[in-house]
Amino acid sequence: MTEKQFRSGFVSIIGRPNVGKSTLLNRILGDKIVITSDKPQTTRNRIQGIHNLPGCQMVFIDTPGIHRAKSKLNKYMVDVALSSIKEVDVILFLVEADAKPANQEGMILELLANADAPVLLVINKIDLVAKEALLERIAAYAALYPFREIVPVSALSGDGVERLVEVVHGFIPAGPPYFPDDILTDLPERFIVAEMIREKIFRLTHDEVPYSVAVVVESFKERADGLVSIAAAINVERESQKGIVIGKKGEMLKRIGMQARREIEELLDTKVFLELFVRVSKEWSENTRMLKEFGYE
């Protein structure tokens, strides 16, 4: 196969918070590179996942959910999502099968009105609705925007995902691969480790605590015996949040550490010594300097 025949391109996955964008990307790749939880706004950064097929490389971009931003952190997240619409080859607009089009979807469709790339509607969570309801949802969205294709899927079960990849493949232009064919993401290991720790905090804590946390890997060392030693700081905004993350007699921090360490060991394929500590960084989500320091820039 000649280089001209090879196809490669970038595919942006956008939608409001908590519609399953990260779950879909993990399902497409057949591996977990993006953290997930049942809470909205789990994804904060642009995440690139690389899916290789014979003669084709698709770089899928997972983005934060598009919402009305309040804090500087939220504004950063929305800016990341909106910037991903530009200079991509395909846009996947992900919605839920069990929810009617609402104001947030309307706002996103307005943003897509001038998109240069073809926009495909992906209706997720089809396992939650009957066929009649799904057909109604397809008709409702088709009346709102001239989507090039409409593909129903269940990111959780994988139903329809293979067909989605086939449909996307048809829109990928000719070009050489952007990345080697043996990597799933261009993200550094430190970033993925920090995200795995943050995922456990999202899953184990509640209310405002998950949204007030930033994790920074401060030390990442491979020892002579093959064990990897990692030290990470969990930044919160208030003393009360610090107490919640640590928990009674340190039990919550132990749970976070144990669950994160197991996943990190699977990622790195080696034993890991994980040290976590919690510090108060007051109002970091509104502080430009700290946002950059914590990787939100």
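Each Cβ is built from the backbone N, Cα and C atoms, and glycine gets one as well.
Annotated range for region 'G2' in Swiss-Prot, selecting from 41-45, 246-250: 41-45.
Among the residue ranges 62-65, 238-241, 286-289, the one that Swiss-Prot annotates as region 'G3' is 62-65. It is 124-127, from the ranges 124-127, 204-207, 220-223, 292-295, that Swiss-Prot records as region 'G4'. Within the chain carrying the region 'G2' (41-45), a Cβ under 8 angstroms from the stretch's Cβ atoms is held by residues 17-18, 21-22, 34-35, 62-65, 67, 73-74, 76-77, 80, 191, 199, 202, 211, 295-296, all 6 or more beyond its ends. Taken residue by residue with DSSP, Lys21 (GTP binding site) is part of a helix.
For the region 'G4' (124-127), the DSSP-based tally of helix, strand and coil residues reads 2 helix, 1 strand, 1 coil. Listed in sequence order, Lys21, Gly65, Ile66, Phe93, Leu94, Val95, Ile108 are the same-chain residues six or more apart from Gly15 (GTP binding site) with CB atoms under 8 A from its CB.
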